[in-house]
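K.L.:
My questions all concern the structure below.
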């Protein structure tokens, strides 16, 4: 199956490289000058400098041409741009199935991305999500990586096709029928990575990081239960696995944002330093909306939200969390 990967940032480029290790793959980006530069250098020097493209990777700046050369589409963009990209894709998609590797919610509405896709494309289009603990640089460098490919039950055949298209000696994709659980894990972990980053930026130590990851995982599980997600999904690659990577790996943009906030920088100062979209900032709003809607207690998420919105300092948030009443761990 030949894919058109839409989105030439670090993650889109890395996934296109992985797919092209097996079959010819088209990588599309909206910036023609940037795509021309990639074609000339056979690398993405802006996001993945020095890592050369496989021979089968095709660079394309025309969206229609990219899709017409493909059997399936893989969208890799920030969650806030997901709906706009699908609107552009819709008249060009034809009978092609569509996957995405974006994490987060639709800003303002809090909708899951599969709900956005269903509304724009209809539920007759086979769809799947690629998610899990996977830094773009490691994938581009062909380092061993495990991810999950999730879809609803009726489109498991497409999920298997995506998994096979990605498969190599150093890359394996497990299959899941719990699409919502996989989406939830990939979104909530970004908020929790902000929390652990803040703690590390404040130099609170390894004990604090472990506590935040564990209690943050409990928050993810509670919200997942309220939404009807499978607990094993959240304990798998798309939940716990992604949380561990994003909370401890310094390639994580969300962790780096947290580190900056913990060291006293503002969000705007940190954004300039990081230079890429930090999904966790916007995701805090949507996770809090879900928590309030389903009456789920998520104190770590709540206090990250307060720090992000300047309602608390990091020191005040720490004090408030440590001052919570004693209760059973698994209440």
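Cβ atoms are placed via backbone N, Cα and C, with glycine included.
Whatever TrEMBL says is automated annotation, not expert-curated.
Pulled these from TrEMBL:
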DOMAIN    3-152  domain 'Glycerol-3-phosphate dehydrogenase NAD-dependent N-terminal'
BINDING   7, 8, 9, 10, 11, 12, 136, 253  NAD(+) binding site
BINDING   10, 11, 30, 47, 103, 136, 253, 277, 279  NADPH binding site
BINDING   103, 253, 254  substrate binding site
BINDING   103, 132, 134, 189, 242, 252, 253, 254  sn-glycerol 3-phosphate binding site
DOMAIN    178-318  domain 'Glycerol-3-phosphate dehydrogenase NAD-dependent C-terminal'
ACT_SITE  189  active site, proton acceptor
K.L.:
Would you say which of the binding-site residues 30, 253 has the most Cβ atoms within 10 Å of its own Cβ?
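P.N.:
Compared across 30, 253, the most Cβ atoms within 10 Å surround 253.
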K.L.:
Of the residues in the domain 'Glycerol-3-phosphate dehydrogenase NAD-dependent C-terminal' (178-318), how many are helix, strand and coil by DSSP?
P.N.:
109 helix, 0 strand, 32 coil
K.L.:
Per DSSP, residue 10 (NAD(+) binding site) is which: helix, strand or coil?
P.N.:
helix
K.L.:
When the number of other CB atoms within 10 A of each residue's CB is tallied over all shown chains, which of the binding-site residues 103, 189 has the maximum?
P.N.:
189
K.L.:
Which binding-site residues from the set 30, 134, 252 come within 10 angstroms of residue 11 (NAD(+) binding site), judged by C-alpha positions?
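P.N.:
Within 10 Å of residue 11 (NAD(+) binding site): 134.
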K.L.:
Report the DSSP secondary-structure composition of the domain 'Glycerol-3-phosphate dehydrogenase NAD-dependent N-terminal' (3-152) as helix, strand and coil residue counts.
P.N.:
56 helix, 34 strand, 60 coil
K.L.:
Return only the integer: C-alpha distance in Å from residue 10 (NAD(+) binding site) to residue 30 (NADPH binding site).
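P.N.:
Between the alpha carbons of residue 10 (NAD(+) binding site) and residue 30 (NADPH binding site) there are 14 Å.
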